[in-house]
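In what follows, a single structure is set out as structure tokens and then discussed.
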Amino acid sequence: MAEELNLERCDLEIQANGRDHHTADLCQQKLVLRRGQRFRLTLYFEGRGYEASVDRLTFGAVTGPDPSEEAGTKARFSLSDDVEEGSWSASVLDQQDNVLSLQLCTPANAPVGQYRLSLETSTGYQGSSFMLGHFILLFNAWCPADDVYLDSEAERREYVLTQQGFIYQGSVKFIKSVPWNFGQFEDGILDACLMLLDVNPKFLKDRSRDCSRRSSPIYVGRVVSGMVNCNDDQGVLLGRWDNNYGDGISPMAWIGSVDILRRWKEHGCQQVKYGQCWVFAAVACTVLRCLGIPTRVVTNYNSAHDQNSNLLIEYFRNEYGELESNKSEMIWNFHCWVESWMTRPDLQPGYEGWQAIDPTPQEKSEGTYCCGPVSVRAIKEGDLSTKYDASFVFAEVNADVVDWIRQSDGSVLKSINNSLVVGQKISTKSVGRDDREDITYTYKYPEGSPEEREVFTRANHLNKLAEKEETGVAMRIRVGDGMSLGNDFDVFAHIGNDTSESRECRLLLCARTVSYNGVLGPECGTEDINLTLDPYSENSIPLRILYEKYSGCLTESNLIKVRGLLVEPAANSYLLAERDLYLENPEIKIRILGEPKQNRKLVAEVSLKNPLSDSLYDCVFTVEGAGLTKEQKSVEVSDPVPAGDAVKVRVDLFPTDIGLHKLVVNFQCDKLKSVKGYRNIIIGPA
């Protein structure tokens, strides 16, 4: 009778498997695999080698605290002639004496998470059990049988593997790209993502069921949506929008997700202060990409927050056009969420592909502050019954805006306002390029098209179906040159009278600082004039906006809202026009000193010229970049920076990975907040 088979050690082939599974950056000390794909391991036996005729090898793989075969969290499988795609299986690749090379495969629908892999050997009546090791299983966009399969290699690289990108801010007429370090493969981030799953309320309520449901990207996406904010749980970020961030970090100051997730994990899942929509979206993007779900950050300009699902945002104003009060139903200058790519077997065919997921805490969904995933195609078709939260997202891109003027006798009169259209310039980063891609067409049919009317009919969007009132008089706000922070500049109310009659009017122009979520600040410019509109004429009325007026009240959004109200007393009519202005920050210049080589020190020289007429104090540069810095670095400048002078610092980098990387920079001082810059750096082999 053959002696018992004894395992000496197991080599999980971490580096080789990491290369094959596109997880090399995660496979420093642990095995990270993508489901539905073969992987290798090597068994070293002592005494004698494996003999197929007398030895039986049985493998076990378990995940979660209470694994079971019924829940899909426990599997037992034996050696077979070849691995079976789509199931737990193992086969022999090669044997050299006491060394056995094996190939294993996981199902394409296995729950993601940490697994324990074991081996049982049996020879006749003898048997032993061995612990082979642990591995982490992720979703697999390269596997056709996986629910997150994406058939474009360029898109897989962009939406799963790329660790840097851009988030779009500013205003619809001045879109600003902000660099961001997602850093999903940086040290400790995968552990933070797995911890996020393990402290979510659904896991704490029913651990076995939660682990089982982690097979579905729909479920995982919804969990991540709820856990990135901390409104119901031990989530990552605390939101704040009142411009008081003294006991934390301003949302505008962040330049990446890595520092946020590390802080959350290292402080025992305590909320990180503070986030706003793009920070919530960026952190969700990092987590979902890390777990293997193709994801991108999306920005919607003129985004509606409709609380009562009537697809209508109503503003009540006094006779001067001023809002009676700030309210919760508002139009945000822009709003960010993420889209993740997946199939939707729970929905009708055609609703697979990009799914909107919004982690910013706005409204509760099934009792939790989360939103989505909802099919972007369902939004485009106006199918508001679709899971999850279709009506809320539809309103974000389609709600109508009605302005009411409350007159002196208390009655209200509807004002014409053709300047504000909800859901414009929906933007995301292009695949493989540092450019913006407009994806509005994926959410909406062309304005005025028959398809658009069909969608509004299906969604019972009655206000959008009503005919727009035309008076023959039109007004829009135009801008001049030089809209940079620190400058005085002009804006213009451009008024056209396309009728044969003369019009006696009063024009009230007002400029106020504004936060990106629509909350107004103090006035920084006004004009009140009477004018006559001659028949078939055009008029351009200027409003001068001075730096000394806006400098003390501009928020970190760098936004000013200009409103024009044209009143025609004889006709008792009001015409409203608005425009949001983004004031450009000064440019951050980045020079790379030395030859960029792997595992060799590199120096970045970072500078900024003071554009203001005053000195800058308390200047701080903060830099980070996946593959360039192990952690975020900050450099303080003790001396004041006089007007017109440049402030310059040097930062040491240590590139660990070859290829293209982004160095992301933030600059703060007493008068300039959250100035961003970046530099692409190509790292060559040592």
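Any Cβ shown, glycine's included, is placed from N, Cα and C.
What Swiss-Prot annotates here:
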type	residues	note
MOD_RES	ALA2	N-acetylalanine
DISULFID	CYS230-CYS370	disulfide bond
ACT_SITE	CYS277	active site
ACT_SITE	HIS335	active site
ACT_SITE	ASP358	active site
DISULFID	CYS370-CYS371	disulfide bond
BINDING	ASN398, ASP400, GLU437, GLU447, GLU452, GLU538	Ca(2+) binding site
MOD_RES	LYS468	N6-acetyllysine
BINDING	ARG476, ILE477, ARG478, VAL479, GLY480, ASP481, GLY482, MET483, ARG579, ASP580, LEU581, TYR582	GTP binding site
SITE	TYR516	site 'Important for catalytic activity'
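Separation of the C-alpha atoms of TYR516 (site 'Important for catalytic activity') and GLU447 (Ca(2+) binding site): 25 Å, rounded to the nearest whole number. Counting every protein chain shown, 12 other Cβ atoms lie within 10 Å of the Cβ of GLY480 (GTP binding site).
Around GLU452 (Ca(2+) binding site), the same-chain residues at least 6 positions away in sequence with a Cβ under 8 Å from its Cβ are LYS444, TYR445, PRO446. Applying an 8 A CB threshold to same-chain residues 6+ apart, the list for LEU581 (GTP binding site) reads SER171, LYS173, PHE174, VAL479, MET483, VAL491, LEU559, ILE560, LYS561, VAL562. A distance of 7 Å separates the Cα atom of CYS370 (disulfide bond) from that of ASP358 (active site). Relative to CYS277 (active site), the recorded positions with Cα atoms inside 10 Å are HIS335, ASP358, the candidates having been HIS335, ASP358, GLU538, ARG579. Using a 10 Å Cβ-Cβ cutoff, ASP358 (active site) registers 31 neighbours. Remark: GLY482 (GTP binding site) has ASP488, PHE489 as non-local neighbours, by Cβ distance under 8 Å and separation of at least 6 in sequence. The local packing around CYS277 (active site), expressed as other Cβ atoms within 10 Å of its Cβ over all shown chains, amounts to 28.
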